[in-house]
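Per TrEMBL, the features are:
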DOMAIN    7-219  domain 'Cytidylate kinase'
BINDING   GLY11, PRO12, SER13, GLY14, THR15, GLY16, LYS17, SER18, SER19  ATP binding site
Amino acid sequence: MENPVIVAIDGPSGTGKSSTSRAVAAKLGLNYLDTGAQYRAITWWMLSNGIDVNDPVAVADAAGKPVIVAGHDPAAPGITVDGTDASGPIRTQEVTAAVSAVSAVPEVRARMVELQRAAADTSPAGIVVEGRDIGTTVFPNATVKIFLTASAEARAARRSGELNGAQSVADTRAALIKRDAADSGRKTSPLAKAADAVEVDTTDLTLDQVIECIVTLVEEKRATR
Ligand SMILES: Nc1ncnc2c1ncn2[C@@H]1O[C@H](COP(=O)(O)OP(=O)(O)OP(=O)(O)O)[C@@H](O)[C@H]1O
Ligand SMILES: Nc1ccn([C@H]2C[C@H](O)[C@@H](COP(=O)(O)O)O2)c(=O)n1
């Protein structure tokens, strides 16, 4: 049997990583892993258990406690924390505001990377993994590495549309720029483009065009292996 394919898709917030990764995985018959959901899940657990998310020592001490299980089906990934479905709670504004602080803690990252590599080990055909440090740290030998970008304006408009106007485009833009700065500026495995990643600027591309572009890159790579 062929070696499993690992497709690493990184990039800042709102560039289309989740939508693209799920569709690429479904089209290629691969598993899917949303590593942002894992960081959100551990953040939700910290908040729910009264841990001060701005105290790195407290977060590090608690990092080994929650049991986080992420689904790998691109049609319905889901995520549980200590057996409870956390798919909804991890998307609240409270979690979004706290996740950069929690994910900057090295003990948290070590734990998540372990889960991420285990997910690939149990994906016989391969897996599409999306996040911030997948091509640089988690899978430096990934078959294909993609770095998605888009203008802050396009990303804010997309996200604000999702929130049905509950947050203005300007506030959404400011919040995502702040989160990107925190994610890019942390010491351990910051958000970064791997030297050998293909950068795809999605600002003026439809979702279908981005999906097609990545599927083609993976198929080309598979054909030459
Ligand atoms: N190329 C595109 N054109 C227009 N809209 C898009 C495109 N790609 C994604 N979107 C939309 O933008 C929004 C954000 O996409 P998505 O959640 O996939 O981004 P993300 O990079 O995973 O974000 P985050 O890092 O914050 O989780 C969604 O509403 C999605 O449907
Ligand atoms: N590989 C990853 C994935 C995510 N994070 C952190 C940083 C993000 O702000 C947060 C939430 O991710 P999202 O759901 O918006 O994709 O999780 C990280 O540090 N490393």
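Each residue, glycine too, has its Cβ placed from N, Cα and C.
Overlay of TrEMBL feature records on the structure.
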residue: GLY11; record: ATP binding site; Cβ contacts under 8 Å, 6 or more apart: LYS17, ARG132, ILE146, PHE147, LEU148, THR149, LEU191
residue: SER13; record: ATP binding site; Cβ contacts under 8 Å, 6 or more apart: ARG155, ARG159, LEU176, ARG179, ASP180, ASP183
residue: THR15; record: ATP binding site; Cβ contacts under 8 Å, 6 or more apart: LEU148, THR149, ALA150, ARG155, THR202
residue: SER19; record: ATP binding site; Cβ contacts under 8 Å, 6 or more apart: LEU207
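Confidence across the domain 'Cytidylate kinase' (7-219), taken as the mean pLDDT and rounded to a whole number, stands at 96. With a cut-off of under 6 Å between the Cβ and any atom of ligand 2, the binding-site residues GLY11, SER13, THR15, SER19 reduce to SER13. Other than the site residues GLY11, PRO12, SER13, GLY14, THR15, GLY16, LYS17, SER18, SER19, same-chain residues with C-beta atoms no more than 8 angstroms from the centre of those residues' C-beta atoms, the ATP site, are THR20, GLU130, LEU148, ALA150, ARG155, THR202. Of all Cβ atoms in the protein chains displayed, 26 besides its own lie within 10 Å of the Cβ of LYS17 (ATP binding site).
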